[in-house]
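Database features (Swiss-Prot):
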BINDING   Cys128, Cys131, His141, Cys148  Zn(2+) 1 binding site
DOMAIN    126-176  domain 'DHHC'
MOD_RES   Ser305  phosphoserine
MOD_RES   Ser330  phosphoserine
TOPO_DOM  1-14  topological domain 'Cytoplasmic'
TOPO_DOM  36-53  topological domain 'Lumenal'
TOPO_DOM  75-169  topological domain 'Cytoplasmic'
TOPO_DOM  191-207  topological domain 'Lumenal'
TOPO_DOM  232-365  topological domain 'Cytoplasmic'
Amino acid sequence: MAPCTLWRCCQRTVGWVPVLFITFVVVWSYYAYVVELCVFTLSGNGENGKAVVYLVAFHLFFVMFVWSYWMTIFTSPASPSKEFCLSNSEKERYEKEFSQERQQEILRRAARDLPIYTTSASKTVRYCERCQLIKPDRAHHCSACDMCILKMDHHCPWVNNCVGFSNYKFFLLFLFYSLLYCLFVATTVLQYFIKFWTNELTDTRAKFHVLFLFFVSTMFFISVLSLLSYHCWLVGKNRTTIESFRAPMFSYGTDGNGFSLGCSKNWRQVFGDEKKYWLLPVFSSQGDGCSFPTRLVGTDPEQASVSNQSESARSIGSNQPFPIKPLSESKNRLLDSDPQWLESGSEEGVGGSGTNNHVTVAIEN
């Protein structure tokens, strides 16, 4: 086995360690709450009615939390469609060229009919040498997944998966339901935590689980609250984690709110128009992940045309293919109008959650 293949296998194996840790904590919390608290402590003290109410509410939060977590982990990241790949002849010409200017000319012609409005910082076509494709707007190469991810937000070790266009809604719901889960557990355990702490209750075995359950749920609540608040702010601004650290550069300059259409429309881009699906971990996000409306809509007829097509693309339900609009109908006048591309600049993907040093997004004149 080649060293690089062995190393990648080790990476994939180690990547499941954080997921197994979270799974262990969740399974233990289920046992501690259901068995030690509700069955032994509450029922043992004649509080059967309260135990039933607690169990019903607990399982509601537990099911939604596990469902969202599962979807975040096992939803495959969406990658660019074949329209963004170079043809065999274009790829052959590109590989034979030693001049970066000539390579960029080949990429520019290939990207002319694609709905692309972003470039690298040096005004070059964003091309992934590893995947051998032209990157759509907001797409980036993830070194951990070894593929280009549509609307990549970050690679999250706690789910061992890339968070992007296909599962960003699931990730937000995972944070939301984990927050509610921890809050519910902490608030309902608190009074028994006090009783065990003051030795009013003397069950030694249940005491350990109840005391530890309160500390763990409170700790995770504080941690998840800060992370969820940050991502809610990102959704309201229509930014990814990558874009929050490096604002996209448009034809008029750097603008961190370049993709923002207003708070309401920004939220609907992630959660969709159907309110009945908002709190369910099923795919309902707007668009196809390959093109996104910007604040240029209304002033640039070409951009408006692309945006209208993107708005009409919907997919509801998990594990369904994402509809791709006919790219040939969306000629990119921005790329076509630029007569010359500057020297190519490199661009890296993101390999970990919360990093700030990988991506530049820009739009050419």
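Each Cβ is built from the backbone N, Cα and C atoms, and glycine gets one as well.
The Cβ of Cys148 (Zn(2+) 1 binding site) has 27 neighbouring Cβ atoms from other residues within 10 Å, across all protein chains displayed.
Within its own chain, the topological domain 'Lumenal' (36-53) is flanked in space by residues 188-189, 192, 201, 203, 205-206, 209-210, 213, which lie at least six positions past its ends and keep a Cβ under 8 Å from the stretch. Cβ-based neighbour count (10 Å, all protein chains) for His141 (Zn(2+) 1 binding site) stands at 24. Here the domain 'DHHC' (126-176) is broken down by DSSP into helix, strand and coil counts: 9 helix, 16 strand, 26 coil. Remote same-chain residues near the topological domain 'Lumenal' (191-207) are listed as 36-37, 40-41, 44-45, 214 (criterion: CB distance under 8 Å, separation of at least six residues from the stretch ends). Each residue of the topological domain 'Lumenal' (36-53) gets a DSSP state, and the totals for helix, strand and coil are 16 helix, 0 strand, 2 coil.
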